[in-house]
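Feature annotation from TrEMBL assigns active site, proton donor to H129, C728. Annotated active site, proton acceptor per TrEMBL: E694, in sequence order. For Q111, F112, I113, D165, the entry in TrEMBL reads (6R)-10-formyltetrahydrofolate binding site. The NADP(+) binding site feature in TrEMBL is assigned to 593-595, 619-622, 652-657, 672-673, K778, 825-827. The feature domain 'Carrier' is assigned by TrEMBL to 340-417.
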Amino acid sequence: MQPFSASLGLDLPCEKLKAYQHKLKLALIGQSIFGQEVYNKLRKEGHKVVGVFTVPDKNGQADPLALAAEKDGTPVFKFPKWRAKGKPIQEVVAAYKSVGAELNVLPFCTQFIPMDVIDCPKHGSIIYHPSILPRHRGASAINWTLIQGDKKAGFTIFWADDGLDTGPILLQRECDVGQNDTVDDLYNRFLFPEGIKAMVEAVHLIANGKAPRIPQPEEGATYERIQKKEDAEISWDQPAAALHNWIRGHDKVPGAWTTINGQVVTFYGSSLLDASVPAGQELTIKGASRPGLVTKNGLVVFGNDGKMVLVRNLQFEDGKMIPASKYFSADDTTALELTEEEKKIAEDIRAIWKRILSNVAVIEDSTDFFKSGASSMHVVRMLEEIKQKHCGLQLQSEDVYMATKFADFIQMAVRRLRGEDKEEELVIDYVSKNMNNMTVNMPYQCFINGKFIDADDGKTYDTINPADGSVIASVSSASVADVDKAVAAAKEAFENGEWGRMNARERGRIMYRLADLMEEHQEELATIESIDSGAVYTLALKTHIGMSVQTFRYFAGWCDKIQGATIPINQARPNHNLTFTKKEPIGVCAIIIPWNYPLMMLAWKSAACLAAGNTLVLKPAQVTPLTSLKFAELSAKAGFPKGVINILPGSGGLVGQHLSEHPDVRKVGFTGSTPTGKQIMKSAAANLKKVSLELGGKSPLIIFSDCELDRAVKMGMGAVYFNKGENCIAAGRLFVEESIHDEFVRKVVEEIKKMKIGDPLDRSTDHGPQNHKAHLEKLLQYCETGVKEGATLVYGGRQVRRPGFFMEPTVFTDVEDHMYIAQEESFGPVMVISKFKNGDVDGVLQRANATEYGLASGVFTKDINKALYISEKLEAGTVFINTYNKTDVAAPFGGFKLSGFGKDLGEEALHEYLRTKAITVEY
């Protein structure tokens, strides 16, 4: 059924009305900061508030609405009640009538207002109600929205009548309810800010004679009682989702409670926990069929369906609130002995409390902040005053709720100042090696939810140095259980964690910090990359690490520049429409990277993913995990919240497969072979997750006789032998024009003979070892196949006689189109050369495109017209003209055909990790 609110069509922007609105004389009846904000906005819009009717001072403190009105000189009336024995108090009604209001505005009112007052003004009275009427009539509407698990929340502004929230509707607005939203979340995110705007808008509509009065339907109408503490006891014989809704529906007032060890304990901060049962200490709860578990993250309780709810905070009968994870150690904290400097800070804070709690004669150690009359508004004020006075003391609102008594608050503040209660420091077990004139420290465990931990089943495997075949480290081999933990952590961080709430610029700041740390550690990273992948150190330093740093800096700058668009659409007169789009993060992303550029491939995908606001679980190649794990360490030091980045070394068939299938993973970004890419597509299809693939290539490089030959030789060799040929865009096949073919081959062989093959850490080395033994064996087989099929082996094709996995740079000529080496990628230092007839441009184009791949391509010629013609005809995602391997962080990178789809780098990469939401408003 269409929501009742959707039929109203009344979301009329204030700006549209300003030009022709009339001004009204208003009486504001109500209280709170909400009432204060509505008052201020209405006055700013030019309406005259002729009287404010609010509650008496409490504990010597005036209500915020009264404070604002008194400051402006607006008449303020503070009546304790409007009726006595069911009848209006005539003196109160007379005082009200004396102001001559044309409209009563009730933004938030807890008093019963007589109908003599409601009906008195020319335009009657309008009331704000925090639900989508007729659902949830009554004073606890927000609570019941959550208790009953509604997917939508909202508010109604209606015309007051003699019923309880039954008057005709003026306007309504609605919002989505998040799985773990609390009353405070809904109020702060939507009901408060949008409610203020809507109250002002409603007054504009009335002033201009355009306010509707739409009768409430009885279908769907509900009325629920006011939730009081005695009614909020948790009934345990319910599914976990119902328990969670009950707890969050009572958070913070009145608080869902249960009995533990004979004491009433109130639960705050619940979320559904979709993971394996965590380790913890059992806690018996009255009425629960299964004990709860006190874990490092909080108290886990169980529904009658076996599913779990995580509760973060507990409050005892004396008002003391603690993290649920500290239940068994709550009484272990001994009072701190304060230094003289800390005593001065304590007295400064006492003075701040005294200014706020002006009704309290003396701030004693036992003074309770809230029981002395403070509200959430005062919490903000106190924290800001403390921050202004002592900038090193950073406190959060939750800290005040955890320590409401002055003495407890001071103890908490001093512990925070000393750093005693900060999050556990990152504990890292390293494999350390002295090499390359430095000590290299390498983490070797899985990185899950901000911690380095062993694999769930304890399994490890050895990662090998390709330069000599020695074992570098035994690395944790992640299991399916580890995948589930990592995905759960990433999901929690996205949906409920600090990362999901963080503003875009702060996200960018953390990414910039990470780039700085990577640069600070670039020599260590390059050394790890060299010994783990075989990359020549100088290349690793400049490209593997250097471009990784550039990539994070580039995408850090994009964080606060992701924008939607406004779209003109067909108008259905007399209505008007506004359509706009929002770009939103997708959620948990799985990133699976190859072994040829371990850190750079991580950066290409992860930087765009994080800039868009997602969280990630990354699986490095099994044979090159070490720089990814070092990256995890640096990301934690940069300030990424727990769960945002998770790294799982291990088997692609196990970890990669489970990530591709996992229902909570919403996007897979993969770089690797085409067969594996196809398998990922099949797995991802099970729950229709978004996929981007950068797969194999057989990139053609066409060299014409009118090129600069020496440059073509140099660039052609780089196109093949760069990074030992382990390069996704390597020129897999060279087409050389017949008239220069022999000279080109001769010059290439001459240059190869000058190349130094050896230790990748030696600064003079040109050509290092292949990545791993199995790959070397595959390359040798590739060369044997080429010889058997009749291609001419001009140079190389053999393993170098020395320890490690070294292969000679290789050159084949006389390669015909039907041969295996003409069609399949070597992914190694093998130059495959075919000649083409002089001047046969279209013929060589046809041959170059006769491949199922389309990642990259290149052409060398001085004829710019020829070059541009060929660039248009080549079926590849990248075309290089008179250069090769020229990638940049700002230029999109990706392939066509069986080389995959989707882009890394540049603005286009962001869209791989975003979803577009279209929103249409009728007004």
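In case you wondered, yes, glycine gets a Cβ from its N, Cα and C as well.
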Sparsest-packed of the listed recorded positions (I113, L654, C728) - C-beta count within 10 angstroms:
L654
Spatially speaking, which of the recorded positions Q111, F112, I113, H129 is closest to Q622 (NADP(+) binding site)? Use C-alpha to C-alpha, please.
H129
Quick one: of H129, I593, K619, L654, K778, F827, which recorded positions lie within 10 angstroms of D165 ((6R)-10-formyltetrahydrofolate binding site), measuring between C-alpha atoms? Sequence order, please.
H129
With Q111 ((6R)-10-formyltetrahydrofolate binding site) as the reference Cα, tell me which of the recorded positions L654, Q657, C728 is the closest one.
Q657
Can you name every residue in this chain, apart from Q111, F112, I113, D165, with its Cβ inside 8 Å of the center of the Cβ atoms of the recorded (6R)-10-formyltetrahydrofolate site?
L106, C109, T110
Name the one residue among H129, Q657, F827 whose Cα is closest in three-dimensional space to that of E694 (active site, proton acceptor); these are the recorded positions.
F827
Tell me which of the recorded positions D165, E694 sits in the most Cβ-dense spot, judged by other Cβ atoms within 10 Å.
E694
Within 10 angstroms of the C-beta of K778 (NADP(+) binding site), what count of other C-beta atoms is obtained when all protein chains are considered?
14
Who sits close to Q657 (NADP(+) binding site): which same-chain residues at least 6 apart have their Cβ under 8 Å from its Cβ?
Q679, S683
The answer, for which of the binding-site residues Q111, Q622 has its Cβ ringed by the most other Cβ atoms inside 10 Å, is Q622
Pairwise CA distances across Q111, F112, I113, D165 (listed as binding (6R)-10-formyltetrahydrofolate) top out, in Å, at 14
What is the nearest of the recorded positions F112, I113, H129, C728 to L654 (NADP(+) binding site), using the Cα of each?
C728
Could you state the CA-to-CA distance between I593 (NADP(+) binding site) and H129 (active site, proton donor) to the nearest Å?
52
Quick check for you: of the recorded positions I113, H129, K619, K778, F827, which have their Cα within 10 Å of the Cα of C728 (active site, proton donor)?
F827
Using other CB atoms within 10 angstroms as the count, which residue among the recorded positions H129, K619 scores least?
H129
Roughly how many angstrom lie between the C-alpha atoms of I113 ((6R)-10-formyltetrahydrofolate binding site) and F827 (NADP(+) binding site)?
81
Can you grab the distance from F112 ((6R)-10-formyltetrahydrofolate binding site) over to H129 (active site, proton donor)? Cα atoms, rounded to a whole Å.
15
In sequence order, what residues of the same chain, 6+ apart, have a Cβ less than 8 Å from the Cβ of F827 (NADP(+) binding site)?
N596, G725, E726, N727, A730, H775, L779
Where K778 (NADP(+) binding site) and H129 (active site, proton donor) are concerned, what is their Cα separation in Å, rounded?
71
